[in-house]
Each structure stands twice: as structure tokens, then as C-alpha cells.
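In TrEMBL this protein carries:
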type: BINDING; residues: Thr17, Ser18, Val231, Pro592, Gln593; note: FAD binding site
type: DOMAIN; residues: 86-109; note: domain 'Glucose-methanol-choline oxidoreductase N-terminal'
type: DOMAIN; residues: 274-288; note: domain 'Glucose-methanol-choline oxidoreductase N-terminal'
Amino acid sequence: MASGNESFDFIIIGGGTSGLVLASRITEDPGLGRVLVVEAGEDQTQDPRVNVPAMWPTLLSTSSNWDFKTVPQHRISGSANVVPQGRLLGGSSALNGLSFVPPSKATIDAWAGLGNPGWDWPAFSKSLAKSYTLSGNGTSQRPDSSGPLQLTVPDETNDWRWPEAWQNTLKSIGIPVNRNPYSSSGEFYGAAMVADAIDQPTKQRSYAGNAYYLGLAKDRENLTVWTGVTVTRILFDHDRDIEGNLRATGIQYISNDDRVKTITASKEVIVAAGAINSPKLLELSGIGDRRLLEPLGITPLIDNPSVGENLQNHPLCTLAFKLRNGGIPGYETMDNIARQDPAALGVAMEAYTTKLSGPFSRSGTNSIALLGLPGADTDDGERVVKELLAESTVTGSSFKTTPEFGRAQEHFMRSILESNEPSGHYLSFGGFVHFDRDGSMAGPPPGNDSFFSIGISLAHPISRGSVHISSPSTSVAPVIDPNYFSHPLDIEVMARHLQFISSTISKAEPLASHLTGKLGNSSVEVDKLESLNTAREFIRNTAVGAYHFAGTCAMMSRELGGVVDSKLRVYGSTNLRVCDASIIPMLSYANPQATVYGVAEHGAQIIRSHHDAGKL
């Protein structure tokens, strides 16, 4: 570690997904100056729990996870839910579920409409394409994508037949199979095989830690990375500019010898600590709601009540279908591996180490579908959509959503429900998938039963929550309240997708020949879910939050509730930026990993162009 009196040009707080992308791209030009990345976790780029694709769940119970929890969620289980966030070099890209699903054109264009010029789909799509290179079976490659992140679409005909059964089932009920989910069009509807962030030749996880840091930037003389270092606050110049804006001068941090130190940045401080820690750090530094900060003894430097607001996440519930006769040969499941059966584990590990194949070589959640509201294109469906929108009001559904942002959300949701844009994200998995009431993953029940699981995630939740500090101490976790289902439209849309799984998908061939009408994760019979009331109750009893948190330092006009502008600068500052999942104003329909890589690539271009032009 450098001495505390050393100076850098840029300080990036957080060596996670976004932070390492930013560091890699900024240091491509030595003329921009020296970059310091400060990460609270450790460098685990050689850790097999990171690199072997199927081993990521073992990291969730370690210090590699921040292990936050929400307050009890009274509209679902009533329990506090876990909030996994990566606390290691590479951040959540080192311990997520690997799926890489690009955001939709509709969502990104909606961002632009919130006061973000330069963030429309054509511009964002080019940045996203810079992040990855795609290889694998049967999926078209974007000709302009040649980035460091390696994506692999597994060969579903090799040793794993569930994806084929899933796609053929959806085809049998008239749902198309999308052979090019990575198209530059930004439009995705139907069933598809999506890629994992896995390097094809080695079958190891590809993530910010090895793709951007080890692969591109580690040996550059203008890059320094500190691990095991916790930032306690951002430092500012005492004098403001003529417009009253603050200038960030550096950071205060706790070094890995437990000493409090400071270090300066001559050009910029960039916060890339994630959807939970970024708003926390802003508030600890005096940026947030004056009414929250002053009682904690924190001097408000920038009064912005929107800091920490707009928290969003995808609600998720699963149906773990018991298989007929314990399963059919050739359709293997992960159940015995999840039960830690020594024989099953041995076979899987041998396949991985000798052939780079088998269940340890993939996520297992590649076969998905993105579908609109079931029946919305029928006369009855159009009536239902109108009724749902008429009965629902966006404003007041979250803690501090401005009326203007509420209307923007309502307009966006109306466009989703009245079109073919997906409102449900369906996942399929050969094995038991269920989450305990606290949102943690549960193993299959004892015995010899095998399962096939279908999950449904609400693609565009309207409900919003918050993340706020309750103490001036860095060591105290923030108060996290996702406020799930606070908007009534969310459960209505999700219940109709759950009903569709019960009434249509599970009864269509070839899946119907495999599935019983019994669930391994609920006493509710599948047929009962054809009732909307039962579907709603099932969601309230079993739904959890996916691990897709975003939005707490939203990029939009300040009047709408923004924290950063379209250049990612914190309102009220000249050189403090935020660039990570927290700036996402509206979640797209699936896992946010791809979106965050795109945000970071786009942010890096913005930062470089400003300094290349001699600005700031």
C-alpha cells in the first residue's frame, strides 16, 4: 500500500464490476494520469470458488459477501431478506449466477427520457458491445462486440437436455425461440438460450477481476489497486465554486493496519461501491437528506433527499415440480449434487476436471423466456390491462418518489403492458430451486425425488424502496427496505405470469410428460394456481427478492429525484461521480450484470472524453 501522503489523479472507490472496468479504460491512456482503486475485500482471482462456475454459492457464507439484510418485508414473508453483495476484487461479478442478459432498448430509451441525453439505445448499445465477446452454440454474435469479458452459450445437446425440452414446450404453445438475444436491435421476446460469463476454452468464470484487471490493466504503471481497505468518507475542498458546487479532494479510509488515513485525488473521485454502499458512503460524507444527516451529527454538504431512494429489485418466486418416476434417464438434475451426495459430486468434479464439461461448467439457468402479460393481445386481456392501470397509481407507492417520476414510471409501465415488451422473466432449471423465507437459497428436501423448477421474476417492478444510514459509523450496516409489492400493479402482473405457468406451460408437451402436479417447495397443488387469488397468495407466501439491487443514486434530472446527472456527476459537485448499479433509474427485465458492464463502459467514455478535451 502506498503512503498516505501520496497523490493520485483519480480515486475509484470500489474494485467491483464497474470499478475495474473504469480503471481499465481510464488507464488505457497514460496521459490521463494515475488511478487508484480502493477495494474493501481481497484479491481472490485465483480462488476456485470464484473461478469454477458452479461454486459461487459457497462464497455467500464467507467474508467475500457483505451479507446485508433488509428490514422485514410485511407484504411477502414478513421476514428480513438477505442482500448478497460482492466484497472482493471483481465485486458481485465474482459471485453472481453468471447469466448475461442485455437490457432492452425500451428500458434504455426510457432512461434517456428522464433527462439523460447521450444514454439512448444506439449510444448505450455500442458501449455494451465493447464489454464482451460471445462464443458458443447456435447464438448469433454481434459483429461489433469484441470486449474482454468472455461469454459462452452451453451446448444443450451435449450432456444436458432440459433446455431443449423447455424451448420445445414453449414452441408448442406458440411462443417463438429467439436465436439472437444479443442482437443490436435491443428487442428480446420469447424463449432463448442465454450466455454465461464463462471463458469457453477454460470453462472458468469470466468477470471484472480476470477479464478487465488481470487481462488488461494489472501491469500498467499508472494503475494502483489496494485491497482490504475501507473508505469512511469522501473529502471536499472547504471553498465552493461560484455556483456553490463542491470539489472532491480525496478520501478518508481505514488501512489494512487499522489506521485512519487520507489520500488525495487531483482530478476526480468516482464512487463505484454498488447499490447499497454507494448511497451509504454519500450520506456518511454529508450528501443526502438534511433531515436524516443532522440528527446523526453529520454536517450536510449537499442536501438531496433522493440519495438512497429509488431502490428496486426483481421479486422472484419458483415452482419446483416433482418429476414423474424420479426422473427420466438423459434428463439429469442437480438435486443429488445439491444434497451433497458424494457419488454425484465425484462424477461432476471428474467431468469438470477431465473434460471441462458437466454441471460444474455452467450456471444451469441459461434457458429462459421473456414474455409479455399473458393474454394481453386478446380482447379480454386488453380489458384487464386497462383495469389494472386504471386501478393503480404510481405516485405514493415508494417513499420519496416525485410525482414527475411517478408519471414517467406509469407511462413506461403502460407502454410495457400494452405492447409485446416482456413483463415476466421466466427461468428454467433442471433441479430443485427454492428460497427460504429470508431469501437465501434452500436445498432440495431429503429423499430421492428429482425436480424441474420454473421461476418467474417480475421484469419491471414499480415498487420502490430505500437504503439509508442509521449511524455515522462506517461499520454499521445501512437500513435497507426494498418495499416489495408496495405498488398494487406488481403483484397483479406477477400473479398472471404465475397463473400462465400453471395453466399452460406445465401442461404442454414435452414438459408435461416429465412433471407431476406436485411441488417440492409448497403444499399448494399446481392446478390451484390457475386461480388468481391463489396465485397472489402463493406469491405473498413464497416470493423473495432476486439479488438485483439498483437505483439508489439514480441518474435523472434532479427535479425527478436524481442524484447524478447524465455525466454521472453528483448534483452539487464538480468532480464527484457515481458509476455502478446505483445510477440505474429503471431496472431492465433480467439480471443486471450486462447492464452494469454497459454503464461502466459508457461512463468510462464520458470521463475520458471530458479529460481528453481538457474539461474539468
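Cβ coordinates are placed from backbone N, Cα and C, and glycine is handled just like the others.
Note that TrEMBL annotation is computational and uncurated.
Location within the structure of each feature annotated in TrEMBL.
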residue : record           : CB count, 10 Å
Thr17   : FAD binding site : 30
Ser18   : FAD binding site : 33
Val231  : FAD binding site : 24
Pro592  : FAD binding site : 28
Gln593  : FAD binding site : 24
Grab the same-chain neighbours of the domain 'Glucose-methanol-choline oxidoreductase N-terminal' (86-109) for me: Cβ-Cβ under 8 Å, and only residues 6 or more beyond its ends, written as numbers and ranges.
14-20, 39-45, 50, 53, 56, 59-60, 63-66, 119-121, 124-125, 128, 132, 149, 151, 181-182, 185-188, 194-198, 205, 207-210, 213, 225, 227, 274, 362-363, 365-366, 368, 412, 415-416, 421-422, 460, 547, 586-596, 598
Please state whether DSSP places Val231 (FAD binding site) in a helix, a strand or coil.
strand
Please report the DSSP secondary structure of Pro592 (FAD binding site), reduced to three states.
coil
If you run the three-state DSSP split on Thr17 (FAD binding site), which class comes out?
helix
PLDDT averaged over the residues of the domain 'Glucose-methanol-choline oxidoreductase N-terminal' (274-288):
99
Helix, strand and coil residues within the domain 'Glucose-methanol-choline oxidoreductase N-terminal' (86-109) as assigned by DSSP:
9 helix, 4 strand, 11 coil
How many of the residues that make up the domain 'Glucose-methanol-choline oxidoreductase N-terminal' (274-288) does DSSP mark as helix, as strand and as coil?
11 helix, 2 strand, 2 coil
Cα-Cα distance maximum in Å, computed over every pair in Thr17, Ser18, Val231, Pro592, Gln593 that the record assigns to FAD:
25
